[in-house]
Amino acid sequence: MNLFLAGLDHTTAPVEIREQLAFSQTDLPSALLQLTQADNGSPPLFTEAVILSTCNRVEIYGVANPGTTAQHVVDFLANFHRRPAGSFVHTLYFYQGEAVARHLCATAAGLRSLVLGEAQIQGQVRSAYEAAQRIGSVGSVLHRLFQIALVAGKRVRHETTIGKGAASVSQAGVELARRRLGDLRGREVLLIGGGEVSELAAQNLIANGADRLTIVNRTSSRAAALAERYGAEMLDFGALPEALARADIVISSTAAPVPIIYRHHIAEALSHKQRMRACGDCDPPAMLLIDLAVPRDIAADVAELPGVYLFTVDDLREVVSHTIELRSAVIDIANQIVEEQVREFSDWLRTQEALPVLTMLRQRAEEVRNEELTRALRRLHDLSPEQRAVIEGLSRSIVNKLLHPPTRCLREAAAHGQGKRYATMLAELFNLEHALEHKAGAMGNTELTDRMR
C-alpha cells in the first residue's frame, strides 16, 4: 500500500513560502479532485487524498498509484498555485508507509506545532479529513489513518499534561503584545477576523487586562456575536480605516487569500494619530501589528514605516520556545503513545495485504459452489423449496468451513508481516493469479520518494 505524504511546515519553510502554497477552503474541492481523478486518460496520482492546510503547515496525504513519484506531487503544487517549483521544493519533506502514520499522529497530538501541545491542531486535522470525506477522496486507508491519528491526539491530551498551560497561537500573540507594551489596560486593541483564533485572542486579551477591544470582520454577524460575548465594540469591515486610526495594537487572523492591510492603510492611520495629538513635538505614534494569518493579512512592507512593529506567526517562537524544555519528560510519554497508535495502524495495514487474495478466493469458491449446486439441483428436480434451501445451506456451510482455516492463517500471517509470502502461496494453490497481480500493483512503487532524490 503506497501511503505517501508530501508537505512543509514552520520548521522547513518561512511564512512567505507557506502562504504561497496554502489551500483555502474554496481551493480544497478542486485540489482533491485533481489529485484523485484521471486526467486525459492518465491515471490519477492518488486513489485517496487529504490536504491539511493550516497557518503552520501544508501537507498532502495520499494512497499513491503505481508510477506516482514525488516529482509528480511537486509539479501538482507548482501548477495549482502557479509557482515555480524551484521556489519551494527545498522546503518539502516526503514520507512513506509507517513514517506517514507517525508524522500524522504526532501532528494531531500537538507535538509538531509551533506552540507545543496546542489543542487547535486536532480540530484542524479532523476538519481536513471531513472536507476530503465530503469530496469523496477518502477511502478505507486514509479513513483508518486519520481515525487513529485523532485517537492519538486525544490520548496524549488525556494521558499526559502536555496541554496543561499550553499556549495557543492566539495566546502567544497576546503574550508578545504584553512583553512589548507591558500593561494592556487602556490600550486600543483591534481584532480583525471572526473565527476561533480571534475568539481565543479576545479571551487572552481580557485575561491580560485589555479593556478596550474593537472587532472587525467581513461577516458582521460573527463580529457582533464576538463583541457581545467579550464586551467589545463591533465595526463593519468598511470602517477598517477608522478602526486602524484608533488602534495601538492590531491582531489579524482572517482567511483572506491576499493582504487586507497595505502600507497606505497604516500610513494614513499614523497620520491621523499624529494630527489628533495636541503635542506637536511628541514622538511619532507607534502601532504594534500581529499577523496570525497564513496567507498573511498585512503586507510585509508595512514594517518599513517608522513607529510600526510588525510580527507574523513565525515571530512567536521567542514566546513559546521555552515550552519544549519545560515539557521534555511529557514529550517522551506522548511519543510512546504515538508509537502505540502507529503500531495499531501498521498492524491493520498489514492485514490489508491479505484482502485481494481472500476476496478472490471467496469469489472463486462461490463460483464453484453455484456451478455444482445448479448441476445437482437439475438432477434432483423433484425437491420441494424447503429441501432445496437445505441443500443450498449445506453447500454454503461446507464452503465456509473449508475456507475458514486458510483465511484465519493468512490474516494472522499478515498481522505478523508474512502476508505477502502466504498470499503468494495461497494464490498459487488456488490458481488466483489475478488477485496476486492486483496485490502486487497495490504494494509496489517502493521508489516513490527515492526518485525525487
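Including glycine, each Cβ sits where the backbone N, Cα and C put it.
Feature annotation from Swiss-Prot assigns active site, nucleophile to Cys55. The feature substrate binding site is assigned by Swiss-Prot to Thr54, Cys55, Asn56, Arg57, Ser113, Glu118, Ala119, Gln120, Gln124, with sequence analysis given as support. The feature NADP(+) binding site is assigned by Swiss-Prot to Gly193, Gly194, Gly195, Glu196, Val197, Ser198, with sequence analysis given as support. Annotation source Swiss-Prot lists site 'Important for activity' at His103, citing sequence analysis.
Shown on the structure are the features that Swiss-Prot records.
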residue : record                        : DSSP (3 states)
Thr54   : substrate binding site        : coil
His103  : site 'Important for activity' : helix
Ser113  : substrate binding site        : coil
Ala119  : substrate binding site        : coil
Gly193  : NADP(+) binding site          : coil
Ser198  : NADP(+) binding site          : helix
Any further residue of that chain within 8 Å (Cβ to the Cβ centroid of Gly193, Gly194, Gly195, Glu196, Val197, Ser198) of the recorded NADP(+) site: Leu191, Glu199, Leu200, Ala201, Asn217, Leu226, Ser253, Thr254
Conformational class of Gln124 (substrate binding site) under the three-state DSSP mapping: helix
Neighbours of Thr54, Cys55, Asn56, Arg57, Ser113, Glu118, Ala119, Gln120, Gln124 excl. site residues, C-beta within 8 Å of centre, substrate: Gly110, Leu114, Val115, Ile121, Val169
List only the single closest residue to Ser113 (substrate binding site), chosen from the binding-site residues Gly193, Gly194, Gly195, Val197, Ser198 by CA-CA distance. Val197
Look at each of the recorded positions, Cys55, Ala119, Val197, and point out the one with the fewest other Cβ atoms around it within 10 Å. Ala119
Between Gln124 (substrate binding site) and His103 (site 'Important for activity'), how far is it from one CA atom to the other, in Å? 15
Non-local Cβ contacts of Gly195 (NADP(+) binding site) (under 8 Å, 6 or more apart, same chain)? Arg222, Ser253, Thr254, Ala255
Rounded to the nearest Å - Cα separation of Asn56 (substrate binding site) and Val197 (NADP(+) binding site): 13
At the Cα level, what's the spacing in Å between Gly194 (NADP(+) binding site) and Thr54 (substrate binding site), rounded? 17
Of the recorded positions Thr54, His103, Ala119, within 10 Å of Gly193 (NADP(+) binding site) (CA to CA), in sequence order, we find none
Residues satisfying Cβ distance under 8 Å from Ser198 (NADP(+) binding site), sequence separation of at least 6: Ser170, Leu191, Ile192, Ile215, Asn217, Leu226, Ile251, Ser253
Between any two of Thr54, Cys55, Asn56, Arg57, Ser113, Glu118, Ala119, Gln120, Gln124, the residues recorded as binding substrate, what is the biggest Cα to Cα distance in Å? 15
Lowest 10 Å Cβ neighbour count of the binding-site residues Thr54, Asn56, Gln124 is held by Gln124
